[in-house]
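Trainee: Sending over a structure as structure tokens; questions will come in a sec.
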Amino acid sequence: MTNDKAVVVFSGGQDSTTCLFWALKNFSEVETITFDYGQRHKLEIECAASIASDLGVKQTILDMSLLNQLAPNALTRHDVDITHDEGQLPNTTVDGRNLLFMSFAAIVAKQAGARHLITGVCETDFSGYPDCRDIFIKSLNVTLNLSMDYDFVIHTPLMWLNKAETWHMSDELGAFNYIQERTLTCYNGIIGDGCGECPACKLRKAGLDQYLATSIQGGA
Ligand SMILES: [Zn+2]
């Protein structure tokens, strides 16, 4: 392989941090890109920055605050509560958000001389975002290559994993404790195990409990 450089779309959460460890194992050179779109907690950016710095990887933070204009909802405005009715997309949804993020990531990657793009999107996590589906990623890969006349390869190591299997992967990568302690999933901005009350914490804990119930941690 002549180009062994990868760019990881990185938020400082469990999934993208697992992807970062996966990339560090599989590529000789790794960078990260983080999108700042007015998260409810600046802590999310700080958390991502501290992990990137800790692991010694370059981080590019792109200002995506224009998403505020596209979707004035709970994700980007602090005066709206997050709701998530069962079976429906959470009201944090910005249509096409992942399409935008991946396109910007590709531009940054090409400028950095990187061919490999890595994202933690997943079809199995019930979030239901259409632009996180495998079929979309495959379609986008072709489009990005045609748009920039460049041979990107998009990698989605978590695409078919449930949350328990993602914990298993982090364990196999030797990063289980690191990811459990250092990543931010919680809507209330609490790193690690989080507040335990918000939907993100409940989802994370359910996956962790499922993994711990079926495996001997560190035995992988
Ligand atoms: Zn929480």
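All positions are counted from 1 along the displayed chain.
Each Cβ is built from the backbone N, Cα and C atoms, and glycine gets one as well.
The ATP binding site annotation in TrEMBL covers F10, S11, G12, G13, Q14, D15, S16, T17, T18, C19, L20. For C186, C195, C198, C201, the entry in TrEMBL reads Zn(2+) binding site.
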Trainee: Return one of helix, strand or coil for G12 (ATP binding site), based on DSSP.
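Mentor: Coil, per DSSP.
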Trainee: Let me know how many other Cβ atoms fall within 10 Å of the Cβ of Q14 (ATP binding site).
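Mentor: That number is 25.
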Trainee: Counting other Cβ atoms within 10 Å of each Cβ, which of the binding-site residues S16, T18 scores lowest?
Mentor: S16
Trainee: Spatially speaking, which of the binding-site residues G12, Q14, L20 is closest to C201 (Zn(2+) binding site)? Use C-alpha to C-alpha, please.
Mentor: Q14
Trainee: With an 8 Å cut-off on Cβ distance to the C186, C195, C198, C201 Cβ center, who else from the chain surrounds the Zn(2+) site?
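Mentor: Neighbours found: T185, Y187, N188, I190, G194, G196, E197, P199, A200, K202.
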Trainee: Return only the integer: C-alpha distance in Å from L20 (ATP binding site) to C195 (Zn(2+) binding site).
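Mentor: Answer for this pair: 24 Å between alpha carbons.
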Trainee: Tell me whether C186 (Zn(2+) binding site) sits in a helix, a strand or coil according to DSSP.
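Mentor: Where C186 (Zn(2+) binding site) sits, the three-state DSSP reduction gives coil.
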Trainee: Please list, in sequence order, the residues in the chain of F10 (ATP binding site) that are at least six apart in sequence and whose C-beta is under 8 Å away from its C-beta.
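Mentor: Looking at Cβ-Cβ distances below 8 Å from F10 (ATP binding site), excluding near sequence neighbours, one finds S16, T17, C19, L20, T32, I33, T34, A48, I51, A52, Q59.
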Trainee: By Cβ count within 10 Å, point out the most packed of the binding-site residues listed: L20, C186, C198.
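Mentor: That would be L20, with the highest Cβ count within 10 Å.
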Trainee: On a simple 10 Å Cβ count over all chains shown, which one of the binding-site residues G12, C195, C201 is most densely packed?
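Mentor: That would be G12, with the most Cβ atoms nearby.
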